[in-house]
């Protein structure tokens, strides 16, 4: 009894160890060799710890940014970063174990739904499932769910999203790619369908429809070639301009002996370093679990339609990706200034989301409404994907999250499902 | 509501570069393709870099149309190794990988299944890289 209590009190309370034990169980069930099982479990443990270290770096930088933004602009400035939300939820809020178990539960529900219904989509973007598990766990916790209920409800909702989002996108994907064998597995799909809807209303129709693929556009955006470089291009000016508005006197209270603008510059780099470390941790953490899941899923659902990450669509409409990125960025900048007028926090544009989600949305807009559809739809899309995360800011603040909000709109929709429907229903009964 | 049932009613349209092996092929077209293949194979040896990649892609497309999927995969892979691109060769290769993945799943071949899943991941990376302007 003493041993069991020791295990429960001292080992299973450590999220990193629990997550490693889950990976170990998975590897044993797959009949991997002893060496593979040990190395896989240790890599998972390492991944979790690296992720935690990245989160600590991000939080330090975000606390600083929050202070200077409030001083400089007299309002809250929120950085949209699902990585920051995941890191804080895993560590500062102590939800790491629940998120890991929900992550597995989403896989299981995805397989069950695909196996026993006519929607054969298997969601293969592991990182996106981790973000979904983060949001269902955080908002399930906020709604009052605990323990096994938190994990099962999160797993079910995440599993439904993992099938429903590719299914909703598939009519468009068929139109874009001309085939039905591959689907889109990216949790920004509600935004894509929203852009398609706007493009349908405002876009060109019939013979008048002109594709953006007929335009001559610059072939590349050099600063986007590297994920971290593109983050720096946005973060460095953002931190320095904000510090300048906060002023040297306030800046000096935070920067110690360092010049306040230099300190802001270094803090902006710290944010990028934090994202770098956190994502390295995510890769280690998922490196063992995701291939195992894929193997199991594909064998249990042999006629599965694999739902792949958004770059699957880029080759079919590369110009639309660029138009989508530019127009979504315009829309998100409009929303950045528009939302505070109505008392919302200022949501700063996220360059990576604008590129990947904006680019893919551009393909949807172009497919439905041609050039005009892609341009007008993209601006609306940028506004939409800024508005939705803004709706979560109050809840994130009340839970102790620091100056960040989620990005991928499907995960935001799942969170709103908890906040607006499941939570009130639980309180009513 | 979202057109879920449409796939049963409507046959998916095929883009011209996806024109596959299902349609019966005339003897004339076969002969034409065989001629193209031997010409391209000879041409590859005389070219290098980007030009070679383009010929390898054309060779892959001809082999694919002829129904020689494994040879087509080898040609497309060689082309992408020479130069990353997201043209018709890329799209056909992704489709072929997915077919191989489905066959491996049906035959319960775990290692082959993982191999093609990894290859599909690699294709996503190529698409990201090319779209972002990486060579």
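Just so you know, the numbers here start at 1 and follow the chain as drawn.
Placed from the backbone N, Cα and C atoms, the Cβ positions cover glycine too.
Positions annotated as transmembrane segment by TrEMBL: A:6-29 (among others).
Under the heading transmembrane segment, TrEMBL lists A:41-65 (among others).
The annotation transmembrane segment is assigned in TrEMBL to A:95-114 (among others).
Look at TrEMBL and you will find A:121-142 (among others) tagged as transmembrane segment.
Per TrEMBL, the feature transmembrane segment maps to A:148-169 (among others).
The annotation transmembrane segment is assigned in TrEMBL to A:228-248 (among others).
Long-range neighbours of the transmembrane segment (A:260-284) within the same chain, counting only residues 6 or more positions beyond its ends whose Cβ lies under 8 Å from a Cβ of the stretch, are 43-44, 46-62, 64-65, 68, 79, 81, 83-84, 86-87, 127, 130, 228, 231-232, 235-236, 238-240, 242-244, 246, 248, 251-252, 254. Per TrEMBL, transmembrane segment is recorded for A:260-284 (among others).
Beyond its flanks by at least six residues, the transmembrane segment (A:320-339) meets 195, 211-213, 215, 217-218, 221, 314, 345-351, 354-355, 357-363, 365-367, 371, 374-387, 390 of its own chain at Cβ-Cβ distances under 8 Å. Annotated transmembrane segment per TrEMBL: A:320-339 (among others), in sequence order.
Look at TrEMBL and you will find A:346-368 (among others) tagged as transmembrane segment.
Cβ atoms under 8 Å from those of the transmembrane segment (A:374-397) belong to residues 76, 78, 80, 85, 139, 142, 188, 191-192, 194-196, 198-199, 202-203, 212, 320, 323-324, 326-336, 338-339, 344-345, 347, 349, 353-354, 357-358, 361-362, 364-366, 368, 404-407, 409, 412-413, 415-416, 419 of the same chain, restricted to positions at least 6 beyond its ends. What TrEMBL lists as transmembrane segment is A:374-397 (among others).
Here TrEMBL flags A:409-426 (among others) as transmembrane segment. Distant neighbours of the transmembrane segment (A:409-426): 82, 131-132, 134-136, 138-140, 142-145, 153, 157-158, 161, 165, 187-191, 357, 384-385, 388-389, 391-392, 395; these residues of the same chain sit at least 6 beyond its ends, with a Cβ under 8 Å from one of its Cβ atoms.
The stretches the transmembrane segment (A:6-29) and the transmembrane segment (A:346-368) do not meet in space: the count of Cβ pairs below 8 angstroms, excluding pairs fewer than 6 apart in sequence, stays at fewer than three. Between the transmembrane segment (A:228-248) and the transmembrane segment (A:148-169), fewer than three CB pairs separated by 6 or more residues in sequence fall under 8 Å, so the two stretches do not touch.
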